[in-house]
Amino acid sequence: MSYPENAILVLVDVTPTGEAASSTAALIGAAAQIGTPVALVVAPAGIAQAAVDAAASAGAVSVLTAEADASALTVPVVDALEAAYNAVQPDAVLVSNSIAGRDVAGRFAARTRAALAVDAVGLSRDEEGVVAHHSVFGGAYRVNSAATYGAPVITVRQGAVDARAEAQPLNVETLAVSPSGMPAALAGEVAIVEKASSRPELRGATRVVSGGRGLGSKEQFVLVEQLADTLSAAVGASRAAVDAGFVPQSHQVGQTGVSVSPQLYVALGISGAIQHRAGMQTSKMIVAINKDPDAPIFDVADFGIVGDVFKVVPQAIEALEARKK
Amino acid sequence: MKIFVLVKEVPDTYGDRRLNLETGLVDRNASEPVLDEITERALEVALEYADANPGTQVVALSMAPESATPSVRRALAIGAESAVQIVHDDLAGADLGLTAEVLAAAIRRGGADLVITGNVSTDGSGGVIPSMIAEHLGFAQLTALSAVEIGSGSVSGTRASDFGAQPVSAQLPAVISITEAFPEARFPNFKGIMAAKKKPLEVLSLADLGVQADPSAAPRTIMTSVSEKPPRAAGVKITDEGDAGAQLAEFLVQNRLV
């Protein structure tokens, strides 16, 4: 089997049930911007078909597959990535900047002594090779990075790349992997968080509605969910709302939570502490509603409303729902 | 049991964090340097184990310039028994690969049963150092833990994985990284601060570790450009006079956001 000269090897994150993670289309889309995407799907025996199909329809010209025991953490995926790297000889390796992806990228780069660049929000190519674009210190700086030589390993921020590649015919190859024997942690079954609704996942969402302390209580936080559902948006929250117990920590947007850069970010009752802004100010359009006219969130809002969220939001929902009819 | 805890000095997120636009390096004078809170929480995990298990050695480890020594001392004041700081001019602007190599070499030299780190730093927010170190040391790694149980020969816990909570375990030696779900570190008291002045703080150079910072030794990631993003300008701001909800709906429609 021969591979394109300008191959970009993409590691597809696979869910516990064998599907391609939501980051896949953007990863392969990013790879297509700098070369020819070749995907690697590593999953326990017999469950990977959905992920393989997804990788091809997202634009991978070939999909390599390797079986890995789900009870060993990270190491089997690194071993497979190493085998794929040796076979494909790519110009770069792209991995999702997810928890699983970071672990694999770190181990792989350390093992192969490859240059590692993390949390890229974009990729390009110049005459010397692949360049990763980063957004640093909560979006205050733009930084480009490159490897001094060799193919870089780059983790790509989820939801940051809009480019998508054209679907490719399915072209699958099974990879032979020799285990490294590196000690791995024993991993049990993931208790998959049941989604309460059909709302999109916060990471990578194109629209996000977030609530803060201004919502007042867990019961009243429902208002955030109602607007989110009207806009088909994901639900986010400030740290204050999480600490007050209005929503689980997995919804936290900011420095210490999830970083998002959606097309639309609506902040309800969020003052906009710098730690929160760090996780959302790269959003394309920001709407803020807050009682306090001096709330720092208004400094970054494209459309700010000084007012009571409990009056403004129901009215907006009503107007938007009326349009849908 | 010997536990190494990685501690890191970072610019305070409450201040104005700046990059030097000439060198691309963090401007260490722009805001107050602090010990990264997540690394303090990692230290607390080690200290709690040490409290319950006399004879445990807790070593704080940092790769940082000399100017960061007060932050390393803070880790001693909180309760680490000793500290190791790797200081070398060639490490200014070190990339992840070199950083991991240096930290792993220092841990190997000291001999660790367990390495505890924060999951992600607040400055670089890379989150890859734990698994890189684990690979260099040949240890298992358990990352993003929201709960942990340290035993005499093993470590187990709950991993906040991408898709939900996951039970994980490994034989020691191992590297673990912990999330913000863990409590804040104890506050250094006067006694701790005084004691910290007498605790051993070993300063190591690259030569002590046998690591080459030479650019030809391995591929490195370098910054090729840095620029400041213009601050986001505030847009329209209205005060609700009874129709702001309708105006918001109109704004979203006009901008094709619904």
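The backbone N, Cα and C atoms fix where each Cβ goes, and this holds for glycine too.
Feature annotations, reproduced from TrEMBL:
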- A:8-190: domain 'Electron transfer flavoprotein alpha/beta-subunit N-terminal' (DOMAIN)
- A:Arg213, A:238-239, A:252-256, A:269-276, A:Asn290: FAD binding site (BINDING)
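Projection of TrEMBL feature records onto the structure.
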residue	record	DSSP (3 states)
A:Arg213	FAD binding site	helix
A:Gln252	FAD binding site	strand
A:Ile270	FAD binding site	coil
A:His276	FAD binding site	helix
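Listed binding-site residues: A:Arg213, A:Gln255, A:Ile270, A:His276. Those with a CB under 8 Å from a CB in chain B, in sequence order: A:Gln255.
Sequence-distant neighbours of A:Arg213 (FAD binding site) (same chain, six or more apart, CB under 8 Å from its CB) are A:Ser238, A:Ala240, A:Ala241, A:Ala244, A:Gly269, A:Ile270, A:Ser271, listed in sequence order.
Cβ-based neighbour count (10 Å, all protein chains) for A:His276 (FAD binding site) stands at 28. Looking only at the binding-site residues A:Ile270, A:Ala273, the densest Cβ neighbourhood within 10 Å occurs at A:Ile270.
When the binding-site residues A:Gln252, A:Gln255 are compared by the number of other C-beta atoms lying within 10 angstroms of their own C-beta, A:Gln255 comes out lowest.
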